[in-house]
Amino acid sequence: MARTRSSSSSTTWRYVNPAYYLKRPKRLALLFMAFVSVSFFVWDRQTLVREHEDELFKLKSELLQLQNQLHNHALTTYIDVLQLEELKPDENIVKKINTTSKNLDDLPIDPIENQRREKVKDAMVHAWTSYEKYAWGHDELQPQSKNGVDSFGGLGATLIDSLDTLYIMGLDEEFQRAKEWITNSLDFNKNYDASVFETTIRVVGGLLSAYDLSGEHVFLEKAKDIADRLLPAWDTPSGIPYNIINLVNGNPHNPGWTGGDSILADSGTEQLEFIALSQRTGDPKYQQKVENVIRELNKTFPADGLLPIYINPHKGTTSYSTITFGAMGDSFYEYLLKVWIQGNKTAAVKPYRDMWETSMKGLLTLVRRTEPSSFAYISEKIGSSLIDKMDELACFAPGMIALGSSGYGPDESSKFLNLAEELAWTCYNFYQSTPTKLAGENYFFHSGQDMSVGTSWNILRPETVESLFYLWRLTGNKTYQEWGWDIFQAFEKNSRVESGYVGLKDVNTGVKDNMMQSFFLAETLKYLYLLFSPPSVIPLDEWVFNTEAHPLRIVTRVDSPEASNSKQGTSSNNNIRIRARKEGRFDKP
């Protein structure tokens, strides 16, 4: 019997020996055909599954869009009736409207998206608890040395920056503790020279977003307090603001290294927050100040819509300096588009859209492509000379372009969306091209070399994942989720430490720094969380993100850009909507 088993075994093994088939070409051909058939069958099944998943996603997105429209129509109709009859809202009716919407939200969600979203939420919990333990009330945490530092004058920057992220992720106890600190301990009366730009986008924006989401009035009161302290910065002959102001005495000035000039991004990135503040409070002074800046710049707006980064606050004219969609230029262009969205794209805010479209014509003249891989990038410009350099900060642009593409006709829309996708691929490769899979601060492009890291640190920036979020929301292409997941895993591997997250001094070596930037909690983790959340969580037809990723509710503008008066009824109308959202419409996934 042993010999029989051996003989049988030898016969079996003969058929897996390659030499057997080399001597029998017909059988080799049959085996090859069988392999091809099986491979085609498996590939075909996988293709069908992917097509089925894509179709389900599209159907779900359409259903969620109809859900939002139905909810908005029902709630708006109810509010209109209340205003006509001068009645107070019945919370039971509001709950019924929201419960209907909530039931539609209870749709099956991709389990992989669920798992990834929970991993991002765990990262936020780790970052927040570390801040709470070692740096509570300070601006930022130094995780390696386990202490807090006041990078912004002791305004609790990380705490305020994190409010809406906590709320969106359903971290209610953490949100309440932060609210208590703001109520009892936040004091802006500090003899500190604050950046008008940073204070606006982080503090004013963070407080207004927390108010829009929760309806808690303390956030609006604090936002008004700090905004009032910033307002004297706009008291210049041209209305172009100084970029630094003392929070106690109100003395404004510009940094010495600009030669007395104001910075483009620092002067043109307060519109969303101050317009929203006028809408919520009914006081037009905030809107007046920031809209005057755009009117002044529009007087001499160039044909290509590209402005140098330095502006004379006395004359309102630009100075000879770099043109860039990176540092010191970026968010000016972003806010031209987003004020149009914030005003619900009405005629009142059309001039902003017009200026933005002009700037996009200029952007096209800066787009170049590398060799040999044809990576698209946005170059910089000084005078008539182009510089083959792109900041990681400029990686917000793919998302901005995609967001604005729908305002064009079909051909132009397709052209700009394609450009957005090309640029996003480049930004993703900023990450993939380094040993740590984390991007450097900027990149240079040389003929035949594609891209090389310039400044090699990484400080946990959000711009690339921001663009991936917009592209996923607008196209439904899950590739952008995969790229975002790759970036998140790189942060987990290289930046997570015992007491929070840190940047890298060098993305090539992985040497760590000692700072957890407040925008990591405000922006990077929020956009990653939303990348794996249903589109009904902060829908883009109801909210607009400021440049620090703080969502502000869209409110239809009916005034002209030159009008000085906000409609007094806007604030109360908005509050009802916000309360309704709090009652259940804003269901945590």
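Cβ from N, Cα, C; glycine included.
Some features that TrEMBL has for this protein:
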ACT_SITE  Glu198  active site, proton donor
ACT_SITE  Asp330  active site, proton donor
DISULFID  Cys395-Cys427  disulfide bond
ACT_SITE  Glu441  active site, proton donor
ACT_SITE  Glu463  active site
BINDING   Thr547  Ca(2+) binding site
REGION    559-589  region 'Disordered'
COMPBIAS  562-576  compositional bias 'Polar residues'
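Feature annotations (TrEMBL) mapped to structure.
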residue	record	CB count, 10 Å
Glu198	active site, proton donor	20
Asp330	active site, proton donor	24
Cys395	disulfide bond	30
Cys427	disulfide bond	29
Glu441	active site, proton donor	20
Glu463	active site	26
Thr547	Ca(2+) binding site	26
Check: Which recorded positions (Asp330, Cys395, Cys427) fall within 10 Å of Glu198 (active site, proton donor) by Cα distance?
Finding: none
Margin query: Given the recorded positions Asp330, Glu441, Glu463, Thr547, find the one whose Cα is closest in space to the Cα of Cys395 (disulfide bond).
Written below: Glu463
Margin query: What does the structure give for the C-alpha distance between Glu441 (active site, proton donor) and Cys427 (disulfide bond)? Integer Å is fine.
Written below: 11
Check: How many Å separate the Cα atoms of Thr547 (Ca(2+) binding site) and Asp330 (active site, proton donor)?
Finding: 10
Note to self: Can you give me the Cα-Cα distance between Glu463 (active site) and Asp330 (active site, proton donor) in Å, rounded to a whole number?
What the structure shows: 11
